[in-house]
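Student: The structure's right below; bear with me while I get my questions together.
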Amino acid sequence: TFINHKCKSSSECLPACKAAIGRASGKCINSTCKCYY
C-alpha cells in the first residue's frame, strides 16, 4: 500500500506506516513510502 509520504530512506517510512496502517513495515520506493500489511 502506497501512502502519501515522501522519503529518502526506508527507515523514514516505518513511523509513517505505523501511523497510517498500524504496522511499522514498509520501504521507500521512488521517493514514496510503500507499507506492507
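Just so you know, glycine gets a Cβ as well, placed from its N, Cα and C.
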Student: Can you tell which of Cys13, Cys17 is bonded to Cys35 by a disulfide, based on Swiss-Prot?
Tutor: Cys17
Student: Which residues of the same chain, at least 6 positions away in sequence, have a Cβ lying under 8 Å from the Cβ of Cys33 (disulfide bond)?
Tutor: Phe2, Ile3, His5, Lys6, Cys7, Glu12, Cys13, Ala16, Cys17, Gly26, Lys27
